[in-house]
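Working notes, beginning with the structure itself.
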């Protein structure tokens, strides 16, 4: 007890003695009161000691707890912390441990926060992939017993894997969205409605939510894109079919190009493939309806136009046949066409296709006949010149000095040269015709007559004419010989001299019947031999420039 406290207690005791003296308190009472004071002081001391003892125990417990917590934190954090434990009082020991504990607690809070954020992100991405709604309260709880850096690294690696998967899925979703958008423009349907049918988070009105990347969303997208591509393919095939129908009908009815240009967008699709990039709206239902309406309109005009085209093609076929001297019964063919069209038994397209086939065959046959027909034309021309020369040589005034006489003389000279080539022409024609008939197994008809038979007939007729000419020349020779003998025997009689070049026996000349000539007949003939009889005609003495054959 300090001196000041002792002095205070003594003075108080002295004051108490004085009071007791004044009161007249007995010594027994005084002793009793003093004992009570001592007891009360002792109780107070005891209380103080007990309180101090408890405080010491509390400090010891705090120190032990701090040390235990440090050990637990080091285990949870996976870190080892070295610190020097002081040998001093409990308070000094606690003050040395407290900073270490606080540092570890800060690390724990930081690590727990990092783990919690990582786990929440993992839970969020996992929920997105699973297609579940995510809230922060549904995140995973942090395991307080494992707050190590290794655990954090593992979770972060898992998070990165999930982020990569999310990025891949998001890329797929964006790719699907682009595909749906492209198809929506081609097919002209509501893009937002299509996306909303997959998931509401995909529309532009759901900007507050991330796009769904769940398996269900990807599966729905796959089915949607597949169905849209199938629809695109179906519409493309339909429009291509309508386009081909329009092309056929336009060509059939010779529709002007101005009318066709309205449907260039359909015609441009004829060579397109299902995977090709197409123009916006080119496969819309409105485009298909317009094409269907046009095909219906063209089909309604087709019947009347087809009749006109059928007869036009028939005329073309007949013209080809006539121009190439091929056999065709025009009247019977037209009558048959009229009956077939009016009865309705035959499809006009089939009829037209049949006629087109006949035209193609006729053109092919005409091409194969061209060389022969060209030679037939030359042969006919020679025959015509032969006929003209016959008529010319019968004209007694052909040598008169009239206008154009010199032209006729030149023509006659050329005609004799051309006529001399007729036998060779007939030989070549016969060879060509036989080769043609052997190759095709059918007779070569020219104006409905077998050309080979016509050529053979011409050979016979020409031989007959040559024989008649020979007999005529022999008769003339005998007549001339008889006249010479008479003149030698009886002398010449004065007679009026006939004009130069005039035949002495004009009235006795045997003429070839024109009716037996074939220059104007449908057929043509070839003679394999024989000379031209023109050289045996009576020629005036002064016509020395003209060709003569004996």
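Each residue, glycine too, has its Cβ placed from N, Cα and C.
Marked as coiled coil by Swiss-Prot on the basis of sequence analysis: 46-174 (among others).
Sequence annotations record features per position, and here Swiss-Prot assigns coiled coil to 288-310 (among others). Within its own chain, the coiled coil (288-310) has Cβ neighbours under 8 Å at 235, 238-239, 242-243, 245-246, 249-250, 252-253, 255, 263, 266, 337, 341, 348-349, 351-352, 355, counting only residues six or more beyond its boundaries.
According to Swiss-Prot, the feature site 'Microtubule binding' maps to 401 (among others), an assignment based on similarity to another entry.
Residue 412 (site 'Microtubule binding') has a Cβ environment of 20 other Cβ atoms inside 10 Å. Residues or ranges marked as site 'Microtubule binding' by Swiss-Prot on the basis of similarity to another entry: 412 (among others).
Under the heading region 'Disordered', Swiss-Prot lists 471-531.
Feature annotation from Swiss-Prot assigns compositional bias 'Polar residues' to 502-511.
In the three-state DSSP scheme, residue 412 (site 'Microtubule binding') falls into the helix class. Mean model confidence for the coiled coil (46-174) is a pLDDT of 85.
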